[in-house]
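Beneath this line is the structure, given in structure tokens, with notes to follow.
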Amino acid sequence: MPITRGHVLLTPRQHREKLSHCKTSEAAVLGAWLGVLSRAVMRGVGALALGLAESDTKETKQQLIEQEEEKEEEVGAVQDWNVVQNNGARAAQVVNHVHYHIIPRPGEVPDLRARSWTMFGRGQRGDLDEEEALRTRDRIRWEIGREVRMLSLADRRILGVEDGGESRL
């Protein structure tokens with residue numbers, strides 16, 4: 001169950017129980033995807049908070065991209081998030097397969113800095129209706145595509161992205 005809107009998991013296709021069981025090349029690809037997905041998810045969740053949707057015109061999206069370039073920051077992107085990965089039962093790993101949680105922390109989530117006891121800011125889980133979940137999924141997919149299109153050929157190879165956009169991971 002997602003902790004916040006946009007909470008996603010990154011996992012290798014090959015079964016590995018713990019991170020230490022991953023081949024070095026698999027771990028490198030996972031690490032590269034963490035940055036890509038973090039940027040895409042934070043932009044996607046932020047855009048939804050601003051009321052932008054997948055159905056927005058190309059001109060609206062281009063204006064957002066131009067604003068980001070001018071300010072050298074991501075306009076509307078969520079600025080805080082967790083990346084969490086657990087190994088073993090004592091470390092709170094529930095699913096015996098390597099996976100990373102990318103958990104957006106938008107402005108409506110309380111500031112957790114003063115709470116050192118908070119493992120990764122669990123907080124309250126809110127319900128996400130199906131329509132909102134689909135909008136979130138579609139916006140994040142669009143942002144991932146945008147992120148991948150902006151990568152150099154060398155970076156695409158590191159991610160294992162083929163010309164068709166599919167990852168080998």
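Backbone N, Cα and C define each Cβ position, glycine as well.
Remember, TrEMBL labels are computer predictions, not curated facts.
Computed from a predicted structure; not experimentally measured.
Annotated features in TrEMBL:
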DOMAIN    1-114  domain 'HIT'
MOTIF     97-101  motif 'Histidine triad motif'
ACT_SITE  H99  active site, tele-AMP-histidine intermediate
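Same-chain residues lying 6+ beyond the ends of the motif 'Histidine triad motif' (97-101) with a Cβ under 8 Å from its Cβ atoms: 3, 7-12, 15-19, 21-22, 30, 34, 82-85, 120.
The residue listed as 'active site, tele-AMP-histidine intermediate' is surrounded by 17 other CB atoms, counting those within 10 A of its CB over all protein chains shown.
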